[in-house]
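Some features that Swiss-Prot has for this protein:
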- G378, A379, T380, G381, A382, G383, K384, S385: ATP binding site (BINDING)
- 21-311: domain 'ABC transmembrane type-1' (DOMAIN)
- 345-579: domain 'ABC transporter' (DOMAIN)
- 22-42: transmembrane segment (TRANSMEM)
- 68-88: transmembrane segment (TRANSMEM)
- 146-166: transmembrane segment (TRANSMEM)
- 167-187: transmembrane segment (TRANSMEM)
- 238-258: transmembrane segment (TRANSMEM)
- 285-305: transmembrane segment (TRANSMEM)
Amino acid sequence: MPMLRLYARVLQLLGKEAMLGWVLAGANLLLAAAQFAEPVLFGRIVDVLSGNLSTGAMAQPAQSPWPLLLAWAVFGLFTIGCGAAVALHADRLAHRQRQAILTDYFEHVLQLPLTYHTGTHSGRLMKVMLNGTDALWRLWLGFFREHFAALMSLVVLLPLSIYINWRLALLLFALCVVFTVLTTLVVRKTYAMQGEVEESYSDLSARASDALGNIALVQSFVRIDAEVQGLRFVADRLLAMQMPVLSWWALVTVITRASTTITVLAIFTVGIALHEQGLTSVGEIVMFVSFATMLIQKLEQVVGFVNSVFMEAPRLQEFVNVLDAVPAVRDRLDAIDPGRLSGLVEFDNVSFSYDGKRPAIEDLSFTALPGQTIALVGATGAGKSTAIALLHRAFDPQSGVIKIDGMDVRGLTLAGLRRNIGVVFQEALLFDRTIADNLRVGKPDATEEEMRIAASRAQALDFIERSELKFDTNAGERGRMLSGGERQRLSIARALLKDPPILILDEATSALDAVTEAKVNLALDEVMKGRTTFVIAHRLSTIRHATRILVFDNGRVIESGSFDELLARRGYFAELAHAQFMVQDSARSAMPAAQPEGIPEF
């Protein structure tokens, strides 16, 4: 995205603060005009005191300097007051809008599909959020507090100086041209280079986050030195890329400062020559020297502004790219909140593909009545998880219809749909908050008694009560203060607390020991009564009592029936059962006490 368009997008992100932005822009224009009153009045006072008449448009008879001094004081007070008001409101605008856009970004990212998050490192998204909002804050603050006034000063100065003395004004105009050409060349030279620098910053953030997120692996495999060396390599590469960019902008700074001396000398030289010919006055020479000094100052601010926009551009581009990412699913304009559903689920010729080439789900049709338990089995990548993801609209199918209680799920609000579905993931997902906070994800207004009941039914109450802080115990980052079994039992309790009509169990008992698994299965059997339950299973022992089992292979259901019916068919499901030693050749109904070690799970 070109830099001007990118900055226009930055101003567009002002949102509700845009009106205040226009007010500040008008105030900056008045401030710019008032600032140039000082050198004009100063020059007039010099002419009055020296007895010389100004020339050209400023030619007037000599007069008392006191009215000029009074006008100078009035303009000075106005400049101070207006500048303070602009700075105060610019600060407030920038701070308020930074928090607003940060919240909008966070909400937007949470709505992006799981496929987006799978392909994007969470550390990178955090870095983009924090760096992007900080960059916006700096640009908004600088633009409305200083840089816009500097731009307006240039707009005011050039016509004003031409009006006073066009010959001396040509020197100021030449200075502006030199600055514009120089800055444009440097920006073009270094724009792509700065983009590579920012990409390295993202790599640095992602690598550090990756190492910290796997600290147990790093320490147990003695990888500390290797990870530090890897980070140092990325940092060194970043520094090597950044140095040429800094060198170019340092050159601009040097030339800017050198131009101050050159311009002032040129004005004095040309001014003296014009004065000898009677084409200018001493006051006008002094006035234009002040103009030149102010012009250099304003140009430095403008160059600083361009430099800051340039340096922030890659960060802003990343930020805008995330904001422009489109969620896979959205509420339709006519979407309705269905309230509490009964749990009648229908898949009618549903097909879906992630890449548009290989189908992940193809012509899937089945009906689950309220209270039934539907198990989905098959090899990894067969389409089980995709089918369930379509049910709660992580994606929408390319063809076919999914209905709940006879209503197309695409006609329901996402919040209304997902409020009716409880999920227990294979990997227990917990926040770095208290146990109570994690449980209330399922029901925000849950009482402690309700949490105790849910925890008890999930076999989690015992370990919660053993803790000194009980439900106020912090679970740690991603629940790391708890064991795997404890985390999973809390996630089950959370789903029970939600009390949804539709329940999804993604190998929900895989992290539990045999004794606890048996207890939790008994609790789940009781809880699943009256609910439509979908069980994604790899261990076939967990789905023996399912109402129906759907056997997936390459996105299709190749077998369907009860546990015993599928065994009797001696098909693919029976092969899976044999592989897990769930049945014996002589008696298919006999179940082993435990799965032997070394037998792979499917």
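Any Cβ shown, glycine's included, is placed from N, Cα and C.
Taking the features listed in Swiss-Prot, we show where each one sits on the structure.
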residue	record	contacts (Cβ under 8 Å, 6+ apart)
G381	ATP binding site	none
A382	ATP binding site	F552, D553, N554, G555
G383	ATP binding site	A360, I361, L364, F552, N554, G555, R556
K384	ATP binding site	L376, V377, G378, I536, F552
S385	ATP binding site	D506, I536
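Between the binding-site residues G378, A379, T380, the minimum number of other C-beta atoms within 10 Å of a residue's C-beta occurs at T380. In the three-state DSSP scheme, A382 (ATP binding site) falls into the coil class. A Cβ distance under 8 Å defines the sequence-distant neighbours of the transmembrane segment (285-305), meaning residues of its chain 6+ beyond its ends; these are 35-36, 38-40, 42-44, 46, 142-143, 146-147, 150-151, 153-154, 157, 161, 164-165, 168-169, 171-172, 175-176, 179, 183, 252-253, 256, 259-260, 263-264, 267-268, 271-272, 275. Residues 24, 27-28, 30-31, 34-35, 37-38, 41-42, 44-45, 48, 144-145, 149 of the same chain sit 6 or more residues outside the transmembrane segment (68-88) yet have a Cβ under 8 Å from a Cβ within it.
Surrounding the centroid of the Cβ atoms of G378, A379, T380, G381, A382, G383, K384, S385, where the record places ATP, the chain contributes additional residues within 8 Å, namely T386, F552.
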